[in-house]
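Enquirer: For reference, the structure I am asking about is given below.
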Amino acid sequence: MHIKSLRLFFGLPLPHRQAAAIDVWRNGLALDGRLVARHNLHLTLAFLGSQPVERLGELQRLAGQVRGQGFELRLDRLEVSRHGLVSLGTSQPPEALLQLAGELNDTLRAAGYSLEERAFWPHLTLARQCRKHPAPGSPPDFAWTAERFVLFHSTSDEQGTVYHPLFHWPLAMPHL
Ligand code: ATP
Ligand code: MG
């Protein structure tokens, strides 16, 4: 019997304005790798991989148990990994971001999901498989307020990869 499965991950979406600004700034880096499409720029909180569609209800319930706080995210660092991954990172990860990712991962693990064992690394991937170092330019300084997190369904075909937002959960905004 064929069981339908979906490639899923929890992440923070990027407001369109910031995605557009990052895209423009990224052009100045003259990256030679595979660029992440502008509409796909995001920050992964927990990667689930392929899951039976029947799990969606449980995932909704589990994510609803996570009580996250909103936070301002400042991306002020260009990071280049050994494997040609170029990403934006933050010199000061907000406590609320680390708590959100930690709680989400703990909650999912406790429910039996096997997740990435490595420590959470907050980053926004700009491009993969880069060989050349990015061209020197203005240092990044992007910021926005994270007000919700999202369960995304990732699909890929010849047209490329698309992340479909399935459900979202608000983060508490104590200052508003
Ligand atoms: P593509 O694989 O088509 O190039 P993508 O990597 O953006 O595109 P996915 O592979 O579906 O799309 O990944 C979705 C998100 O989850 C991305 O942020 C990706 O970096 C992250 N991710 C993918 N695989 C893993 C993994 N094994 N562990 C942790 N995070 C992962
Ligand atoms: Mg991938």
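From the backbone N, Cα and C atoms, a Cβ is placed for every residue, glycine too.
Caution: TrEMBL annotation is automatic and unverified by curators.
Sharing the features that TrEMBL gives for it:
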ACT_SITE  His42  active site, proton donor
MOTIF     42-45  motif 'HXTX 1'
ACT_SITE  His123  active site, proton acceptor
MOTIF     123-126  motif 'HXTX 2'
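Map the listed features onto the structure and describe their local environment.
Expert: On its own chain, His42 (active site, proton donor) has Gly11, Leu12, Pro13, Leu14, Leu124, Phe152, Tyr163 as residues at least 6 apart in sequence with a Cβ closer than 8 Å to its own Cβ.
Here the motif 'HXTX 1' (42-45) has Cβ contacts under 8 Å with residues 9-14, 73, 100-101, 104-105, 120, 122-124, 149, 152, 163 of the same chain, all six or more residues outside its ends.
The Cβ of His123 (active site, proton acceptor) has Leu43, Glu79, Ser87, Leu88, Gly89 as same-chain neighbours under 8 Å, each 6 or more residues away in sequence. Annotation note: His123 (active site, proton acceptor) sits in a coil segment as assigned by DSSP.
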Enquirer: With H, G and I counted as helix, E and B as strand and the rest as coil, say where DSSP puts His42 (active site, proton donor).
Expert: strand
